[in-house]
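Colleague: Structure incoming, see below.
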Amino acid sequence: MARTKSPAMRREPSEVHSQSNGVVHRDGYSEKAEKIPAMLDKKLASNGKLGAQGETVAKSAGNDPPGILNLIISVGGIYGAFLSWAWLQERITTTKYGPNNDKWQYPIFLNTVQSIFAALSGLVYLFARTSHPHKPGRPAPIFPTSKILPPLLLISITSSLASPFGYSSLQHIDYVTFILAKSCKLLPVMFLHVTLFRKKFPVHKYVVVALVTLGVSLFTLHQGSSKKKHSSKSSGNKNQSWGLFLLAVNLLFDGLTNSVQDNIFTSFRPYSGPQMMCAQNIMSTLLTASYLLLAPYIAPTFFGSYIGMSPGSELSSALAFIKSYPAVGWDVFGFAVCGAIGQVFIFHTLSTFSSLLLVTVTVTRKMLTMVLSVLWFGHKIVGMQWLGVGLVFGGIGAEAIMNRREKSAKAKAAKAKLLSEAGQERKIAEEKEDKKEL
């Protein structure tokens, strides 16, 4: 008599059992199911979805997306610190000291002092905001990998070179042209993102860039200052082509610095703002300090004369100037402190948001400086200037709204994707458990 094979019977999971620590759970699938939330958290962290960009190692509440309050504090900190910084910068560079009306002419020394203070404040920021992924109680490493050194060195060089080229351009072009071009640095940032990093932007970002640039341009070009008109006429005999070239190099360095910073945060996650601030300022200090120490020996050479290095030591001259006029020393100190505090907000904004937002804030800060100057000194704003104000703040408002919508949509899409992946993992776990029971 032939035997018939009975169909396989599905067995229920085995009985519950208790571990020595008192935890009761089921064998098989349920144990895997308990691990799914942890697996999702790990997947989120590895994909850089947790927290703000570059802040996944932050100690405090780093898992929440940046909100309006975070944006207001960041922008307010940048405005407050750098408005004071700009006032001190103008005071240092324009004040005449002594019977001979001596002026401060040591920009490299000034930048070196500022980078030293910024590096120190960056270290405090690093200890306060980050933790080492493998060594509890220690901050995140400033240089986590050797691969990050080349881009960090690049931004240290470009940021150190940008200011001298900008100051040199003012010897050949008028100040209105300088401010106008500096206000349009949104364009080189996006241009470098598109050309170097092949990054694409939505259409509304190009519209915002156009509105902000046009608004600042209108405000600057329609200033009714006779002083600026006079300086514009007196610049006719200067070599404007060379001045525009120097200014273009300055803008290129500014744009390259911001673009590479953004790329570092994207490519070396979870590299954070405090780490970037420390690394860039330490490298910048080494570069500018090396220049101050080596310049007296390089200037007399053919290379030094070819690039136009002035004879003498800027370091010793700056120290002698401060010794002769102690008031300027306090101004330099305040300038460095304001710059260091401002950089904390700069790097926090850059790592939390993006370089495009940072440049937008920087440009509007310059415009706010103009507006405050007009209100403080009683200057008049013509109709076209009010139009410029409306275009700038209208563009910034539209950018904030669109960014919030984009982040909300991305968060929903990421959540849906992870839930879908969790469902697939759950289904696979069930199938494996069924096969074992069969």
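Backbone N, Cα and C define each Cβ position, glycine as well.
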Colleague: For the annotation region 'Disordered' in TrEMBL, which listed range does it cover: 1-27, 406-432?
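Modeller: Spelled out, TrEMBL records region 'Disordered' over residues 1-27, not the other listed ranges.
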Colleague: Have the transmembrane segment (108-128) and the transmembrane segment (206-222) got at least three CB pairs under 8 Å, pairs 6 or more apart in sequence?
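Modeller: Taking Cβ pairs at least 6 residues apart, the transmembrane segment (206-222) and the transmembrane segment (108-128) are not in contact, as fewer than 3 fall under 8 Å.
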Colleague: With pairs restricted to those 6 or more apart in sequence, evaluate whether the transmembrane segment (68-88) and the transmembrane segment (206-222) have 3+ C-beta pairs under 8 Å.
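Modeller: They are not in contact.
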